[in-house]
Amino acid sequence: MEEFDSEDFSTSEEDEDYVPSGGEYSEDDVNELVKEDEVDGEEQTQKTQGKKRKAQSIPARKRRQGGLSLEEEEEEDANSESEGSSSEEEDDAAEQEKGIGSEDARKKKEDELWASFLNDVGPKSKVPPSTQVKKGEETEETSSSKLLVKAEELEKPKETEKVKITKVFDFAGEEVRVTKEVDATSKEAKSFFKQNEKEKPQANVPSALPSLPAGSGLKRSSGMSSLLGKIGAKKQKMSTLEKSKLDWESFKEEEGIGEELAIHNRGKEGYIERKAFLDRVDHRQFEIERDLRLSKMKP
């Protein structure tokens, strides 16, 4: 007996429940298993009071070869999850549609308010009173009349006439006549007209001399002396430089090359441009030499 008591029955493998193979199930075994499952389900429902009961939606587990299977439960869970996700998507879409509709309504309200504001304010600012319109028309008329007067004044100088002036010069005992076209309002034309007016009464003096009486010998002698002095008066002399310039101007007018020469002189190869360049070079050289002298003079 002592030997029998000393044996460890808790670790023995012989007391384990016998599990038959898949092909050895009997009807009694199946019924007992179903009853055990029902008892276990009732105990679990009593322990989990106040929670959601999922046992009603879950069917009785079936026995198959190799153990229990829960395929139906997994399918139902997947269906319930898909239904929940679809319902959530529908809710989100409905909320988005509501948000879009609310934004459109808000924009319409803002547009209506802005249009009403413009209707209230716009016409008053745009429509000026009749007095202001009249004043504006009067100012426009006065300004337009002033502009016309100014335009006429500007056009008047353009219509000035040109006058030909003939001057007589003495060059080496020869009489040289120079004819130029000058504006009638120029100083040269005015001086020429004044000289002609002075010469006219003096030219009429010889015709009045024979009518003088015999006792006026003094006056006759003075008149004759003045006339002889004017006749023998020396003409304005012309220098060689002025004569050559006059000949060159007349040659350009005859040949018609005045414009061509002016364009050529304005170019880089013209005499005037080259002379200006050389003058600039000389001036620059002078400045450099001056700076050197000043730098040497400083202590």
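Any Cβ shown, glycine's included, is placed from N, Cα and C.
For the residues Ser6, Ser69, Ser225, Ser250, the entry in Swiss-Prot flags phosphoserine at a single position: Ser250.
Among Ser57, Ser130, Ser216, the residue that Swiss-Prot annotates as phosphoserine is Ser216. Feature annotation from Swiss-Prot across Lys35, Lys150, Lys230 places SUMO2 cross-link at Lys150. When the residues Lys190, Lys194, Lys219, Lys237 are compared with Swiss-Prot, the one annotated as N6-methyllysine is Lys219. Taking Ser116, Ser207 one by one, Swiss-Prot attaches phosphoserine to Ser116. For Ser250 (phosphoserine), the number of other Cβ atoms no farther than 10 Å from its own Cβ, over all displayed protein chains, is 12. For the domain 'BCNT-C' (218-299), the mean pLDDT of the prediction comes to 79. A straight line from the CA of Ser116 (phosphoserine) to the CA of Ser250 (phosphoserine) spans 83 Å. In the three-state DSSP assignment, the secondary structure recorded for Ser116 (phosphoserine) is helix.
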